[in-house]
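These notes concern the structure reproduced below.
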Amino acid sequence: VPKIPDPRGDSDGPRRGSLCDRHCAAINNVQGDLGDLGCHLHRPRVPPAMSTPSCCQQHSEEVCESCLVKTTLTAENAVEANKLSNNYKFGFKKWKSHVTERPWEDRSEIVKELYSDLNVIRGSGGSTLTCGNVLYLLLFGWWLSLLYVLVAAVMFVTVMGAPYGRLCWDLAGYFLWPFGKVIQKVEVPKSHQACEAGVGESSALLGGPTRRRWVGTGCWHRASTAAWLCLGYPLLVLAHGLVCVTAWLLIVLIPVAKLSARATSRVLLLPPGRVLIRRLRTTEVPLEGEAILCCYRAANPYYYKYAVDGINIFAVNLLPLVLLTLVLGYVDSPNQLSSSAAKFTLALLSIMPLSYYIGMAIASISAQSNFAVGAVVNATFGSITELTFYITALIKGSREGNRCYAEVVKSALTGTLVGCVLFVPGLCMVIGGIRHQEQRFNSRSAGVSSALLFLSVGGVFAPTLFSKVYGKLICGECHNVSQNPLGHYLCHNCHFDLMDNNGTLYYSHVQPLVYTVSLLLPAAYLIGLFFTLKTHTHIYDIHISDCHMPGHHHSAVVHWSRWRALLILLLSTLCMSACADLATEHISPILSNSTISQYFIGVTVLAMVPELPEIVNGIQFALQNNLSLSIEIGNSIAVQVCMLQIPILVLFTIFYPTNFTLVFSDLHVYASMFSVVLMNYIFMDGKCDYFQGTVLVMVYFILLAVYFFAPSPSGC
């Protein structure tokens, strides 16, 4: 239906609320949250005769206040938009990486170069004398070239393999310094289909006269091929395989890995006469034939962004470590091949890639499912990494009758809480503040998490405070320092005994309080979910923009389907359980023989290593000036520790009795409460800089120093 022109003017909508729109746009440009921030005002159209400046002024304060928390996200497809929206939902895992394939035209030139094959000839490659190329020469080039010379000599000795000997001789010079050179696959012209033909050609671009040896595929001598495949090719495949694996593990040298893989699969399987090596000059003309290899740089520092099927390169390279840990841990039970300390270190390092796979699987399932399925998956598997380790440690401590494991679990819980409240947001503020002078975040959403943190910390430490008020103080050894019976006494190894009078205080008062708190904390967590996701969704007001950038009109091609993500999630959880079992199995010698306090081991290593993928996500969000998600990552983990993980451990002790009691040491109580108070003070104004982040990080390291010099808990 054609539009009827409006005689009063303003037939289009952009003039609506222009003053408020400009005000909101200015505010959102300063706020700088993820994506394109904007405020879409949907108000009835008011004719100019009825609209007065007072109308907008009357509502501008209310409307523009809502713009501070409104975020418009621009995504490539619906799945990616759902993932971005889940990042802002309370209780959902925050995930930075894409769960779908990004359109190729939307990627930067740096990223495109990472995924390009080594057969592109560029106009100007610049100087080839770089640090990365020299590193290649020192690590691989010299001995790889020498190996080609030896294989060439062997091929010449066999006489029948002389053509491959000449090829290896040419490749020896190429692999000594392959930069600025090109390997071509020469096409055999129709006039040279015979077995023997030769012609000399020259090129002003690629050097002087070059000899070409045309050998038809039909005249490829079987004897020469047999000698090459038996004597030369296997040895070179092993050498290139070693180079490929080593360069791939070093990450920045992945171009060298691609070079070796392509040489093994393409160059060495061609007839010798169809391989032509030339040196590129500064001027370029189209080459005759197909370019197989053309490399300019051996190293690229941006390969930390490289992904294989959506999986970051670091997680891919650490996956063999998981297999090594499982094989070495369960096959070498008597510790003949490695020590307990080495196995414990390997098991702990294996938790990092498994945490990454679990996180990506959860994000993939949530992005492709409805809200209910995503909430269930996040609540079920969101804390599976930490709970697996804690439960296996408590089981081992119960079987051995060792209270040390329960104290280590308490230290790890406290370390996770303190680290996620101080270290994670502080580090994100420092790194993000280097790029951005001042960063803003959603103070209202941070206030919800802060309120839940206050509630959870108070509930978790309520039994501890109760026991210190009504418990009986018992000391192991006391000395009179004043030589007066009524003077001062110096006592050591003091603790509050809850088992006085056959444990009446504990079983009649402390234990019911623990069970009550363990029921109230998950209930408060559910109320927080209902508050933020149902009744007060405007706190996380997320809008998916309908106007996509050019090239965004693509269907979603997910890296992992729902069933594949579910399978990876279950396998990663199973491997996580096995690694946690190995870690607890071999931690006993470390706890008994180490001179470091058990408090420090639990607070640092056991608490923060599983959270490394979350820390990396927080840093990436901060670099994109999206500090809201960086703060929410730490707050969400801390809230889940108090409101989900600890109640689950208490519930587990009901069905499987352990030494775990919800009574913490004074050091844990003071450190946790001080961290929460400091974090809320820093986050009050909704903006921060690198100085405030430095304060949080320094306070965290001070607490680590306190734990380092603290004596080990009693009974360890």
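Here the Cβ of each residue, glycine as well, is placed from N, Cα and C on the backbone.
Feature annotations, reproduced from TrEMBL:
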- 131-181: domain 'Inner membrane component' (DOMAIN)
- 342-461: domain 'Sodium/calcium exchanger membrane region' (DOMAIN)
- 565-707: domain 'Sodium/calcium exchanger membrane region' (DOMAIN)
- 134-157: transmembrane segment (TRANSMEM)
- 231-256: transmembrane segment (TRANSMEM)
- 311-331: transmembrane segment (TRANSMEM)
- 337-359: transmembrane segment (TRANSMEM)
- 371-392: transmembrane segment (TRANSMEM)
- 412-434: transmembrane segment (TRANSMEM)
- 446-466: transmembrane segment (TRANSMEM)
- 513-533: transmembrane segment (TRANSMEM)
- 565-584: transmembrane segment (TRANSMEM)
- 637-656: transmembrane segment (TRANSMEM)
- 662-683: transmembrane segment (TRANSMEM)
- 690-710: transmembrane segment (TRANSMEM)
Counting by DSSP secondary structure, give me helix, strand and coil numbers for the domain 'Sodium/calcium exchanger membrane region' (565-707). 117 helix, 2 strand, 24 coil
At a threshold of under 8 Å on Cβ distances, which of 231-256, 371-392, 513-533 pairs most often with the transmembrane segment (134-157)? 231-256
Need a quick answer: max count of Cβ pairs under 8 Å to the transmembrane segment (311-331), which of 446-466, 565-584, 637-656 is it? 565-584
Pairs of Cβ atoms less than 8 Å apart decide it: which stretch in 337-359, 412-434, 446-466, 637-656 has the most with the transmembrane segment (371-392)? 637-656
Cβ-based contact of the transmembrane segment (513-533) with the transmembrane segment (637-656), 3 or more pairs under 8 Å: yes
Just give the helix, strand and coil counts over the domain 'Inner membrane component' (131-181), going by DSSP. 42 helix, 2 strand, 7 coil
Are there residues at least six beyond either end of the transmembrane segment (565-584) with Cβ under 8 Å to its Cβ atoms? List them, or say none. 322, 325-326, 329-330, 343-344, 346-348, 350-351, 354-355, 357-358, 360-362, 364-365, 368, 381, 384-385, 388-389, 392-393, 396, 405
Across the domain 'Sodium/calcium exchanger membrane region' (342-461), what are the DSSP residue counts per state (helix, strand, coil)? 104 helix, 2 strand, 14 coil
